[in-house]
Every structure is written in C-alpha cells, then in structure tokens.
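Undergrad: One structure coming up, written as structure tokens, with questions to follow.
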Amino acid sequence: KVFSKCELAHKLKAQEMDGFGGYSLANWVCMAEYESNFNTRAFNGKNANGSSDYGLFQLNNKWWCKDNKRSSSNACNIMCSKLLDENIDDDISCAKRVVRDPKGMSAWKAWVKHCKDKDLSEYLASCNL
C-alpha cells in the first residue's frame, strides 16, 4: 500500500504518534516520506554493512526485525516480512520501540537529513488534522 501524506498522518495520529518520544506528527510523517515514499512494501537490501531495511519506516534486520538472512537483535520481536504488508500497526509499534533508544529519531538517517531541525509547521497544513 502506498499512503498519501494526509492518510498516513491521520493513521499515525489515531495511533497516538503525535508527540510520541517528544516528536511531532509532522516529524513521523516526514521520516516515512523520505524513508519509504509512504510505501509499505519498500525494501532496501543495499546497506553498507550487509543489512536490509523493511517497510514504511525502513526498519533494519540487524537491530529491529528478524529475517532468515542474518542474525538479529530483533528488538521489536517481529519477522521482517510482517513489516511489508498493508497492516502498519506492527510497524508503528516497532517505530515506537526504536525511538525509545537514546538516539531517538536520529536512528533514521533520512529523518536527520530531511526533517530534523527543519520548519515542518506547514508540512501537514492541508491535512485537516
């Protein structure tokens, strides 16, 4: 599934992501835009360390999810394949787990590059939140 920006914003708001970990809803949506282009089936198998990223939030198989390709910390206790389906509830739960670590949203390089310290005040302006 490819979400629209506003569709994802409403879904994340309903899941109490606005303010979660101290990050505004706009930060979460911005991160998803630049990590996956809002696509739940996004997959990146080209990380320098040989790891792969899965789904809407590009969660990594070294730390967050388990696949059959490598050993994993599997901190979200989930199979990576579950992060590629249209149900994003488990992706959201895992993202909440990621942001509880000391790095917070800086775990997502695309967020650091495109969203961190940017003026996101107008980013969701058209979404009728």
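Each residue, glycine too, has its Cβ placed from N, Cα and C.
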Undergrad: Would you mind checking which of CYS76, CYS115 shares a disulfide with CYS94 in Swiss-Prot?
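TA: Here Swiss-Prot pairs CYS94 in a disulfide with CYS76.
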Undergrad: Say which of CYS115, CYS127 is recorded by Swiss-Prot as the disulfide partner for CYS30.
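TA: Swiss-Prot lists the disulfide between CYS30 and CYS115.
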Undergrad: Listing them in sequence order, which of the recorded positions CYS30, CYS65, CYS80, LYS82, ASP85 have their Cα within 10 Å of that of CYS94 (disulfide bond)?
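TA: Cα within 10 Å of CYS94 (disulfide bond): CYS65.
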Undergrad: Across the domain 'C-type lysozyme' (1-129), what does the pLDDT come to on average, as a whole number?
TA: 97
Undergrad: Tell me the residue counts in helix, strand and coil for the domain 'C-type lysozyme' (1-129), as DSSP assigns them.
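TA: Split into helix, strand and coil, the domain 'C-type lysozyme' (1-129) gives 54 helix, 10 strand, 65 coil.
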